[in-house]
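S.K.: According to TrEMBL, the protein carries these features:
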{"type": "BINDING", "residues": "ASP38, ARG43, THR93, THR133, GLU168, LYS209, ARG276", "note": "NAD(+) binding site"}
{"type": "BINDING", "residues": "PHE165, LEU166, ALA167, GLU168, PHE195, LEU196, ASN197, ALA198, SER199, GLY203, LYS269", "note": "substrate binding site"}
{"type": "ACT_SITE", "residues": "CYS206", "note": "active site, nucleophile"}
{"type": "DOMAIN", "residues": "262-385", "note": "domain 'UDP-glucose/GDP-mannose dehydrogenase C-terminal'"}
Amino acid sequence: MADILVKKIACIGAGYVGGPTMAMIALNCPEIEVVVVDINEARIKAWNSDKLPIYEPGLDEVVKAARGRNLFFSTDTKKHVGEADVVFVSVNTPTKTTGIGAGRAADLTYWEGAARLIASVSTGSKIVVEKSTVPVKTAEAIGKVLKRNCSSPGVNFEILSNPEFLAEGTAIEDLRKPDRVAHAIGTDSRIGPKFLNASVGFGGSCFQKDILNLCYVCETLNLKEVADYWAAVVTMNDYQKQRFVERVLGAMFNTVANKKIAVMGFAFKKDTGDTRETPAIDVCKGLIRDGAKVSIFDPQVTSDQVFRDLSTSKFEWDRPDYSRSHTRILDNVKVCSSPTEAMEGSHAICVLTEWDEFKTYDYQAVYDKMCKPAFVFDGRNILDHDKLREIGFIVYALGKPLDPFLQKNY
């Protein structure tokens, strides 16, 4: 395969991994044509517009510098995959929802479909790169699919594993200056203290999904205790979200019925519009079940996305057609266009994403327009709690001593 001269790269999947990664490759390799393909016409249209389908600091500049020059986005998957010398596969690998391994095992339906597509349009040898996070032995399985489904003689496939290691919110900087070699694993800032920051629970597209698949792999190898250990990590994460909801209810006299709760932040972390497995979904659902009127503000998450997430079954978010479940049945939810709209007249503020702008608000003015007693439940520990208490707020800070108002004397 060393004789392949790379003139064109295709990437199957125009999501959070494929889009930024290919944009950066195109920017730095102007002599190579890079095409991102996806069957989702709306997503491709967005990549070709002034309003990209995902938010990532620095991404706009990178895309606009290369798009139309050597970076292209297209729905013509067969044409561009067939012409490519290197094919990156960055498709969804959701958790299975039915059958053996449901709720844990990875569903490789889309990966297998991508492999069959590659095989069917290949008339020359190609390098196929695993960019999705996939279980061990996937490359071996994909190799069999490629070999048995390619009708052109003499075509060979080299399969490489290059799983994404981007941290959303810093993806462009991660691509520009990635931490390297074995020593870096221990010093990489994304694995160090940042992983210990307080939170209502971890989220994101891969963390829970990969832990659940690890559990399934352990179970198939009869390592029950190991599987139980990792399953407990997910259980504790779910408990953390439920405990936060219970804290809100307990502080507010065990009822939030018809009370306005301002939810500040819906993305799973700052500097991204990604809401996959965001703890905010479970927290909002918990509050809604108890009758709260939830007003949500996030600077990068659209109202359509919020309503889809709150009305979609667990694990279904990672499927291409999950938006079909979108329904505005959530009468107790309002998505606000400004922080003032979300917080004005509320009984409590719940900070669920660590957006920097949340630190800069005039909380005296916010307090003056809230119902009293006014509560702040800081699920990310980003606010100045002493100053908030001076203003008059009753503050719950994750993992810190309880405000006297919140303590139970029994």
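Note: Cβ is positioned from N, Cα and C throughout, glycine not excepted.
For the listed features, I'd like the structural context: burial, neighbours, distances.
M.R.: Around the Cβ of ARG43 (NAD(+) binding site), the number of neighbouring Cβ atoms within 10 Å comes to 21.
The local packing around ALA167 (substrate binding site), expressed as other Cβ atoms within 10 Å of its Cβ over all shown chains, amounts to 18.
Counted within 10 Å of its Cβ, the other Cβ atoms near CYS206 (active site, nucleophile) come to 18, all protein chains included.
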S.K.: Report the nearest neighbour of GLU168 (NAD(+) binding site) in space among the recorded positions ASN197, SER199, CYS206, LYS269, comparing Cα positions.
M.R.: LYS269
S.K.: How big is the Cα-to-Cα gap, in Å, between ASP38 (NAD(+) binding site) and ALA167 (substrate binding site)?
M.R.: 22
S.K.: Counting each residue once, how many in the domain 'UDP-glucose/GDP-mannose dehydrogenase C-terminal' (262-385) are helix, strand and coil under DSSP?
M.R.: 42 helix, 19 strand, 63 coil
S.K.: Rank the binding-site residues ASN197, SER199 by the number of other Cβ atoms within 10 Å of each Cβ and report the first-ranked residue.
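M.R.: Highest number of other Cβ atoms within 10 Å: SER199.
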